[in-house]
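One structure below.
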Amino acid sequence: PALFMENARKGSIVSRANSIGSTSASSVPNTDDEDSDYHQESFKQSYKDQRRRAHTQAEQKRRDAIKKGYNDLQAIVPTCEQQDFSISSQKLSKAIVLQKTIDYIQFLHKEKKKQEEEVSTLRKDVMALKIMKVNYEQIVKAHQDNPNEGKNQISDEVKFNVFQGIMDSLFQSFNASVSVTSFQELSACVFSWIEEHCKPQTLQDIVIGVLHKVKSQLY
């Protein structure tokens, strides 16, 4: 009986100890899980802040680039300069800057086309002058080689016939090409006729034809 009582007492003590330990263990919070959740939440918050800051910086760079572009346009386009001192302190809107830029580009295109046409006309003039120069050089050389050839052999009547033949040929093309219904139309047709029928090569062909005709009549 004494041994049974001793074992019962020890079992009771162990049972109370286990009960106290279990209660104490259940009352202690799980600090490891909470720390893990806290770190994850902090990481997520930090990642969102970084993305937000990166987006803000990228947006600011984009706006700065656009602003610089408009400032460069205002510096390049002459019509964007303020002419009225009463509004010089006011900033031009982006729409006005873009419209003035478009107008200036269109103006430059027109000027370029005009200059190209002028260059083309000058090239034609240079080509005509070169042809005339070659013809005059040939005439001078022929005269130098035979200074007495044809001297005092051509009458004024023959000269007039040559001149008349040239003018008749030119008048035929002039009459067929030029309209006189109005002064504007006359001016436009005259310039067109000159460019088409008064080229050096065309005039040379006319003169040669008239000379051959006059020569056949004389001989």
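Glycine is no exception: its Cβ is also placed from the backbone N, Cα and C atoms.
Cross-referencing 105-132, 161-188, 189-216 with TrEMBL places the feature coiled coil at 105-132. Note on the compositional bias 'Basic and acidic residues' (56-65): DSSP counts are 10 helix, 0 strand, 0 coil.
Sequence-distant contacts of the coiled coil (105-132) (same chain, at least 6 residues past either end, Cβ-Cβ under 8 Å): 199-201, 204.
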